[in-house]
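Record features (TrEMBL):
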type	residues	note
DOMAIN	14-87	domain 'PAS'
DOMAIN	89-141	domain 'PAC'
DOMAIN	161-378	domain 'Histidine kinase'
Ligand SMILES: Nc1ncnc2c1ncn2[C@@H]1O[C@H](COP(=O)(O)OP(=O)(O)O)[C@@H](O)[C@H]1O
Ligand SMILES: [Mg+2]
């Protein structure tokens, strides 16, 4: 502006000033259209973003900036009609520069009326958001990749855990079948076949549990006689140990009845026995003791009547440094393929779900006792089960 011009103030603003303002904006393409969509004005921003000089586009139809696809689908006309009808239209999409390259545009079209309310044209403001759009796309792609990776990891871990559990059951089935093929005593044969059937049913139970878990359903519970259950589980659990190891079970008569899913309890005991086996490196005796006990907060703050099932080994013991992580899903100190880190997290989840706990006593180099505390059915200690998911 020349030195003779009056300084800007609300009272000295003229149409020319507004024109200069619009012209000075370079980050936005600001131009006007007649009601049919022909370009009637052009600013510096429009020239910068779209690459056309004013003389090249004034008089042309706005559809010149649209992609062939959008032109064929009638998008330019639809946007103008929407603006004329609603007073305003907005759009985000691809537009073409003069040199044929595409840019991502955020577009607002407003209707302009004269004092009498007659439509005299349309104001169109376009912003080039290509950079932001590309960053968003990269972010979305990264997020999708991460989600996929997490899903694959969880899936891998889950199938690893399942394979581990199925493998234990298959070991039982195969070794019992091998023994059965050589057995000539009918009683022995019947007992081995019963073990095979039992392990097969547990496999079916395992898949049922997994499906229940996947469907996010409450586990079925029933009143369980622990003396009966542990008696029946002996053959099944001892089959999981190598010949060089023994399972010694001792449980008091008249154990309290408990209300739980028996399949889950068997799996928890099996997981504890398998850990004892691994800790003892294939040699020695694993003890399983069960007794009724009144707790007064002495084990994990529990009060009331409980059945305590202890699995005792004289293995490596547990390093105090990893005690806090034992129940974390996927925490394992075993080699790849030997441990999934899912055993204790199943035991923990199950115990909490029935209102009990798992208590660890361990001396490095001497051995470990894992105590599963289960509340007596109907007792004050029994709390309502929680959903697992
Ligand atoms: N009886 C035990 N003696 C020594 N360490 C144990 C015992 N039980 C569990 N652990 C430790 O806890 C870890 C987690 O056990 P778990 O969740 O069953 O997973 P995994 O057996 O697949 O490693 C084991 O890797 C091991 O380091
Ligand atoms: Mg384990």
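Just so you know, glycine gets a Cβ as well, placed from its N, Cα and C.
Unlike curated entries, TrEMBL annotations are predicted automatically.
Bear in mind that the values here come from a model prediction, so they are computed numbers and not experimental data.
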- Taking helix as H, G and I and strand as E and B in DSSP, count the residues of the domain 'PAC' (89-141) in helix, strand and coil. 12 helix, 30 strand, 11 coil
- Message: DSSP on the domain 'PAS' (14-87): how many residues come out helix, how many strand, how many coil?
- Response: 42 helix, 10 strand, 22 coil
